[in-house]
Amino acid sequence: MKPASIASIKSQLTNGELTQKQIEELYKDSRKGVQAILKRHEKQQEKQALLKQAFIKMNTYEKEAYRNGNHYIAGVDEVGRGPLAGPVVAAAVILPKDFQLLGINDSKKLSEVQRNEFSHYIKQHAIAYQISFIDNTIIDKINIYEASKQAMKEAISGLQPYPDHALIDAVPLEGLNCTYEAIIKGDAESVHIAAASVLAKVARDDWMKELHEKYPLYGFNSNMGYGTKEHLQAIETYGVTPYHRYSFAPLHKYRHNTLLN
């Protein structure tokens, strides 16, 4: 019998159509192309195994919350504390108990393509999610820490159903109608918080890209409002916009200046 083509073997391995016994038989195939495919397959399997282990570890807080009798668990995170322009954005998300998304992590550790793909998947599979924007004028009035907390609280309040328990990235939130845990570096420790991190990051980035269309001189589509060299130079050259945060140190001197409209 003529052996299967290398292309056919590659397709079958990729689609998971071969049994373990059939894969073991392929190691006897002397063709270099087949052995190269098997090597790549091994590496992919090892990578998948590591991703599964990481995902299981990131479910530790969730498992404990479920054991304590909670049904709806929310992950909560915010992005945009550091930028000189734009809002701070928080997301809260309730995921089903059997939710799985290998590779989920702190949004800062993901590529833009991954974040966009993950955000779409999370929205499709979430029981509920809510995203809250607190603009720069509020940030300047109450400070960035309080604005971050307000964004988180608004995101949680908008969830339907309301959560029984919240897993929050680092920030303690008083006044919630549910129990909660504030977890240091929670976006790398909890699947729910990581999912909220992704939703918030994608939402804020999209908002800043839209702002770039109105103010293209500041590079908001790439710096997302952060104080890059190019952004600071643009401020020196053109002044500030109505979306800059005067309460942040580099912009104090512009507080009473005429804004660029």
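A Cβ is built for glycine as well, from the same backbone N, Cα and C atoms used for every other residue.
Lifted from Swiss-Prot, the feature list:
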type	residues	note
DOMAIN	71-260	domain 'RNase H type-2'
BINDING	ASP77, GLU78, ASP169	divalent metal cation binding site
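What surrounds the divalent metal cation site, by Cβ distance within 8 Å of the Cβ centroid and not counting ASP77, GLU78, ASP169, is the set VAL76, VAL79, ALA90, ALA91, SER148, MET152, ILE168, ALA170, VAL171, GLY186, ASP187, ILE193, ALA196, SER197, ALA200 from the same chain. A mean pLDDT of 96 is what the model gives for the domain 'RNase H type-2' (71-260). Under DSSP, GLU78 (divalent metal cation binding site) is assigned to a strand (E or B) in the three-state scheme.
Secondary structure at ASP169 (divalent metal cation binding site), taken from DSSP and collapsed to helix, strand or coil, is strand. The C-beta environment of ASP169 (divalent metal cation binding site), restricted to residues of the same chain at least 6 apart in sequence and closer than 8 Å, consists of VAL76, ASP77, GLU78, ALA182, ILE183, LYS185, GLY186, ASP187, ILE193, ALA196, SER197.
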